[in-house]
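Noted in TrEMBL for the protein shown:
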type     : residues                                                   : note
DOMAIN   : 51-240                                                     : domain 'Dihydroorotase catalytic'
BINDING  : His62, His64, Asp155, Asp309                               : Zn(2+) 1 binding site
BINDING  : His64, Leu65, Arg66, Asn96, Asn282, His313, Phe327, Gly328 : substrate binding site
BINDING  : Asp155, His182, His236                                     : Zn(2+) 2 binding site
ACT_SITE : Asp309                                                     : active site
DOMAIN   : 345-425                                                    : domain 'Amidohydrolase 3'
Amino acid sequence: MKTTLLLKNGRILDGSRGEPIPADILIRDGKVERIGRDLSTEGAETRELGGRLAIPGLIDMHIHLREPGFEEKETIATGTRAAARGGFTTVACMPNTCPVTDTPGKVRRIREMNEREGCGVQVLPIAAITRSSSGKVLTDMAGLKEAGAIAVSDDGVGVQSPRMMKEAMRLASEVGLPVVAHCEEEDLLVPGACVHDGVFAKKHSLPGIPAESESIHVGRDILLAEDTGVHYHICHISSEGSVRLVREAKSRGQRVTAEVTPHHLLLCEEDIPGPDPMYKMNPPLRSIKDRQALIEGLKDGTIDFIATDHAPHTASDKRKDIREAPFGIVGLETAFPLLYTHLVLTGELTLAQLVDRMSRLPAARFGLSRGILEEGRVADLTVIDLAEEREIDPNRFESKGKNTPFAGWKAKGWPVMTLVEGNIVWEESGVRAVDRKKAWHTF
Ligand SMILES: NC(=O)N[C@@H](CC(=O)O)C(=O)O
Ligand SMILES: [Zn+2]
Ligand SMILES: [Zn+2]
């Protein structure tokens, strides 16, 4: 049942605007009906925002929900709750489940499971490029699209054969699906490679993953995509070389987009305290130079937006030796506060730029009619408390995955309420406490 909801005294910031404006938001029938001062409506359910920031619902185009097949790591129920708690109203889930999402029926099943078990967050399935993501036979992309897949990806592995990739791009272009690429050339990997092939690997005598194993695929795919006209999107871009290649392709007007994760923006190999699997993810944390190139690329638009690559694993998975433990860390419940605290408050990005790169831009690049907070739009929005500082405690995550290197970090900018299509899907108790001055971000 859709109700009328009135959010009082918010500060509204949409990535496309520069400054937040103080206003109330009236939501009716799942849409933003009015944004303005001193709104009132008989009988509306009301929330006092106390000057807190209201932004378009965050959008994460790269997460792993693990269901079906790996329910001990995450389920659609727990993963969508983690998304809602992190302020995300739309997430796109990768197909590396068991079985791999590689048929129209499996795409439909994810959507049905989300209808039944999800907490209300919009889940957009990404289907596989090749059957079982084994790189050999293309999937039925027309059928996948018809079933509701929004893109194709073999995330978890790179498509090794350039011929296969070229065929995939031709087909994807024909049916109108973006190709979302996990860029990794296996010929450049050594067995057990688990961290970036750099100073940390050397110090701990660990087999390394070279930066070129990513960038060689980025370069290859940009060349392959050129005359197919496909929308080619690069997952979790991590190296300076890859950023340079994307910048060059964009300067020629090619339809290439890229995402970067919070952890690659905030950490590099020098921040890894020891051979701890909590710092093991693919691609690995690279050099400080790579990290700086990612921040630069995000600022100048070479990198289009931020995606968490939320990759939950069990505690026993992550207790293994770093060579054996699986790659991946969770991200949904810490992304916004970490980036606000460590990129906005430090002056690297403006708040509006961060919001834009986590809402409007991912939506725009994938043609989703979301990510903008204005009258007449779908009421997907998130309320953020910019003032209160809290420590990251994985035990309080809604996600089953507690695998984060950010445990114990202090951050500000916590989501306190998340609305999808006008329904409150997550609300923190205590949100009503009002201390306007404290809640306002100073510009
Ligand atoms: N990023 C990771 O380290 N792991 C992902 C796979 C992937 O995104 O490539 C996973 O599924 O666990
Ligand atoms: Zn990947
Ligand atoms: Zn991934």
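Backbone N, Cα and C atoms are what each Cβ position is placed from, and that goes for glycine too.
Annotations in TrEMBL come from automatic prediction, not curation.
Features per TrEMBL, on structure.
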residue: His62; record: Zn(2+) 1 binding site; contacts (Cβ under 8 Å, 6+ apart): Ala92, Met94, Asp155, Val180, Cys235, His236, Glu259, Thr261, Ala307, Thr308, Asp309, His310
residue: His64; record: Zn(2+) 1 binding site; contacts (Cβ under 8 Å, 6+ apart): Glu74, Gly79, Cys93, Met94, Asn96, Asp309, His310, Ala311, Pro312, Gly328
residue: Arg66; record: substrate binding site; contacts (Cβ under 8 Å, 6+ apart): Lys73, Glu74, Thr75, Gly79, Thr97, Pro312
residue: His182; record: Zn(2+) 2 binding site; contacts (Cβ under 8 Å, 6+ apart): Ser153, Asp154, Asp155, Gly156, Val157, Gly158, Cys235, His236
residue: Asn282; record: substrate binding site; contacts (Cβ under 8 Å, 6+ apart): Glu184, Ile209, His236, Phe327, Gly328
residue: His313; record: substrate binding site; contacts (Cβ under 8 Å, 6+ apart): Lys73, Ala325, Pro326, Gly328, Gly401, Asn403
**Message:** Near ligand 3, meaning Cβ under 6 Å from any of its atoms: which of the binding-site residues Leu65, Asn96, His313, Gly328 fit that description?
**Reply:** none
**Fill in**
Within 10 angstroms of the C-beta of Asn96 (substrate binding site), the count of other C-beta atoms across all shown chains comes to 22
**Request:** For Leu65 (substrate binding site), write down the residues of its own chain that are at least 6 apart in sequence and whose Cβ falls under 8 Å from its Cβ; none is a fine answer.
**Result:** Glu74, Thr75, Ile76, Gly79, Thr80, Val91, Cys93, Thr97, Ile110, Val123
**Asked** Can you tell which of Asp155, Asp309 has the most other C-beta atoms within 10 Å, given these are the binding-site residues?
**Response** Asp309
**Request:** Rank the binding-site residues Phe327, Gly328 by the number of other Cβ atoms within 10 Å of each Cβ, and give the residue at the low end.
**Result:** Phe327
**Prompt:** Could you count the residues of the domain 'Amidohydrolase 3' (345-425) that DSSP puts in helix, in strand and in coil?
**Reply:** 17 helix, 20 strand, 44 coil
**Request:** Taking the recorded Zn(2+) 1 site as His62, His64, Asp155, Asp309, identify the other residues of that chain whose CB atom sits within 8 Å of the mean position of the site's CB atoms, giving them in sequence order.
**Result:** Ile63, Met94, Cys235, His236, Ala307, Thr308, His310, Ala311
**Prompt:** Other than its own, how many Cβ atoms are within 10 Å of the Cβ belonging to His236 (Zn(2+) 2 binding site)?
**Reply:** 22
**Request:** Can you tell me which of His62, Leu65, Arg66, His313, our binding-site residues, come within under 6 Å of ligand 1 at the Cβ?
**Result:** none
